[in-house]
Amino acid sequence: NSSSMKEFVLLGLSENQVVQKICFVVFLLFYTLTVAGNLLIVLTVTSSRHLNSPMYFFLCHLSFVDVCFSSATVPQMISGFLVGNNTISFAGCIGQLFGLHLFGCTEVFILTAMAYDRYAAICRPLRYAALMSRRLCGRMVGVSWAGGFLHATLQTLPTALLPFCGPNKVAHYFCDVRPLLHLACADTRAAGLAAVANSGVISLSCFLILVTSYVVILVSLRGQTLAGWHKALSTCGSHLTVVILFLGPSTFVYIRPSGDLSEDRSVALFYTLITPMLNPFIYTLRNGEVKEAMRKLCRR
C-alpha cells in the first residue's frame, strides 16, 4: 500500500557540493526576479486606469499564474541546494505534482486565450470590442483555471493511488508523473501512456492552435502597409516568444513516452524557472503603455 512510503528524496540537479552552492545563488536570484517582476505587472495592471484592454487583463492573470507555477517547484529545489538533503513527504510530493500541473496547464490555456485576443484585434479590428467583451474574457480565464484543475486532477489521482514500496529517490528536482512512475511497485505502462496522452495532447494541441492563429494573422496582413505590419508584429512578437519558450520545452518533455530523465530535468528548468522569469521582461520591454504605467506606479 502507498502508506508505506512516508517520504521521497528529490535528487535535484547535481550531487556536487560546489555546483549546488552556485545553483542556490543563481536560482534564488531567478526566483526573486520571477516573483518581483510578475507581481509588479499584476500591481501595474490592476492599479492603472489605462491598461484595461483584454490584452492586459490576460497578462495580469498570466503573471499571477507564473508566480504560482514557479512557487510550486522552485522554493523546494532552492532549499534542497542549501541543506543538501532534499526530502519531501508523500503528501508534499503529490501536492507539488498537483500544483505543477494546475498552474502549468492554466498558463497554457491563458496563452491560448491571448492568441485569440491578438487574432481578434488584428484580423477583426472593427468587431474587436464586441468579440472580446469583459464577460467573455472573464469566462476564458475561468475556463482556463477549470481546465487546469481538471487536468491536474487527472494527472495526480492515478499517480497518488499507485503502490510505492521500494526505492524512494526521485530522479528529478520536483515531483512529476514520469519520475514517480519509475518508483511505483506496479506495472505503470497504462498510467504512463495516460499521463503522456493527457499532458502531451494538451501541450501539443495548444501549441498547434497558437501556431495556426499566428499563420492566420500573418496571412491577413498581406495587403497591409509597413506600419500595419510593424504594429501587428510588435504585439504578437512578445506573445509568440513566450509561447515558444514555455510550450516548446514542456511539449518536448511530455510528448516522449519514456526518455532520459536527466534530459527532462535540464529542459524542465526552462519552463519552471526561466520562462516565468522572462515573461515580465518580454511583455514590458516591447510595450510603452506598460512601462509608462509602471513609472506612474513607482512615483506613487
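Backbone N, Cα and C atoms are what each Cβ position is placed from, and that goes for glycine too.
If you look up TrEMBL, you'll see 37-283 marked as domain 'G-protein coupled receptors family 1 profile'. Annotation comment: TrEMBL describes 18-43, 55-74, 94-116, 136-154, 201-221, 233-255, 267-285 as transmembrane segment.
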Seg_contact(the transmembrane segment (233-255), the transmembrane segment (136-154)) with at least 3 CB pairs under 8 angstroms, min sep 6: no
When counting Cβ pairs under 8 Å to the transmembrane segment (136-154), the leader among 18-43, 55-74, 267-285: 55-74
Distant-in-sequence neighbours of the transmembrane segment (55-74), which means Cβ under 8 A and at least six residues beyond its ends: 27, 30-31, 34-35, 37-39, 41-42, 45-46, 96, 99-100, 103-104, 106-107, 110-111, 113-114, 117-118, 121, 137, 140-141, 144, 173-174, 235, 272-273, 276-277, 279-280, 283, 290
